[in-house]
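Participant: The structure is given below, and queries will be raised subsequently.
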Amino acid sequence: MNPKSNPDTIFSAPIDKIGDFTFDERVAEVFPDMIQRSVPGYSNIISAIGMLAERFVKPHSNVYDLGCSLGAATLSMRRHIKQEGCQIIAVDNSKAMVERCKLHVNAYRSDTPVNVIEADIRNIDIENASVVVLNFTLQFLSPEDRYVLLEKIYAGLRPGGILILSEKYVFEDQVSNELLIDLHHDFKRANGYSELEISQKRSAIENVMRPDSKKQHKERFAQIGFSSYDVWFQCFNFGSMFAIK
């Protein structure tokens, strides 16, 4: 059920001047291959997002996929949602991603409607939500915008609603942090990426993706008022957390 893509060769040749990473047409074309080969445990996270949605979704409520890219989490949730009167609102600010996401969503029939929107997730109203997903999205916002968005999500969640937040993590202990970075690079090598590709991708993304520690995430959840929160999945320095209102 996952969308197919061309192989990711974006960083395979030397680039004289490496610009900041953007989710443009080139990335959208190879995104499924890129993320499977770059994010350890990605398929497990996508599958479990559907299971969590099935458990937490309420009838006549909204489900949000903020930073939906090609719609993998949206499709996983839609397959699991059995409640009446629900809709999924999938949002991304990349025109190329949104266009492809609509094609993927429309390729499968479902009783749960999906509204795919091209917009900045910071400007989206969160209302009557039982499930909100931020799947490797928050880390691309400026640090000052993260708290504001999470506050908005909390306000728009129904009591008992869940936020699913997948992120890359930094670790406060330097030895642990370096080991997990090295293991992630080993993972990418095992998936066919060259040293040049790993190095150039890192240079392109380091200015636009600034990950937090698990402690920082938990402190934000507590300050905002979530009643329960924890890590439910981790592989190397990538993982996913839940926060329940």
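Cβ from N, Cα, C; glycine included.
So Swiss-Prot says this about it:
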- Tyr42, Gly67, Cys68, Ser69, Asp92, Asn93, Asp120, Ile121, Asn135, Arg202: S-adenosyl-L-methionine binding site (BINDING)
Participant: Out of Asp92, Asp120, which of these binding-site residues shows the lowest number of other CB atoms within 10 Å of its CB?
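Facilitator: Across Asp92, Asp120, these binding-site residues, the one with fewest Cβ atoms within 10 Å is Asp120.
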Participant: DSSP on Cys68 (S-adenosyl-L-methionine binding site), three-state: which is it?
Facilitator: coil
Participant: May I ask which residues of the same chain, at least 6 positions away in sequence, place their Cβ under 8 angstroms from the Cβ of Asn135 (S-adenosyl-L-methionine binding site)?
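Facilitator: When sequence neighbours closer than 6 are ignored, Asn135 (S-adenosyl-L-methionine binding site) has Ile45, Ile46, Ile49, Asp65, Gly67, Ser69, Ala72, Ala73, Ile164, Ser166, Ser240 within Cβ distance under 8 Å.
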Participant: Can you give me the same-chain residues 6 or more apart in sequence from Cys68 (S-adenosyl-L-methionine binding site) with a CB-CB distance under 8 Å?
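Facilitator: Correct list: Thr74, Ala90, Val91, Asp92, Met97, Cys101, Val116.
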Participant: Tell me which residues of the chain lie with their Cβ under 8 angstroms from that of Tyr42 (S-adenosyl-L-methionine binding site), as long as they are six or more apart in sequence?
Facilitator: Ile35, Gln36, Phe238
Participant: Restricting to the record's S-adenosyl-L-methionine-binding residues (Tyr42, Gly67, Cys68, Ser69, Asp92, Asn93, Asp120, Ile121, Asn135, Arg202), give me the longest CA-CA distance in Å as a whole number.
Facilitator: 25
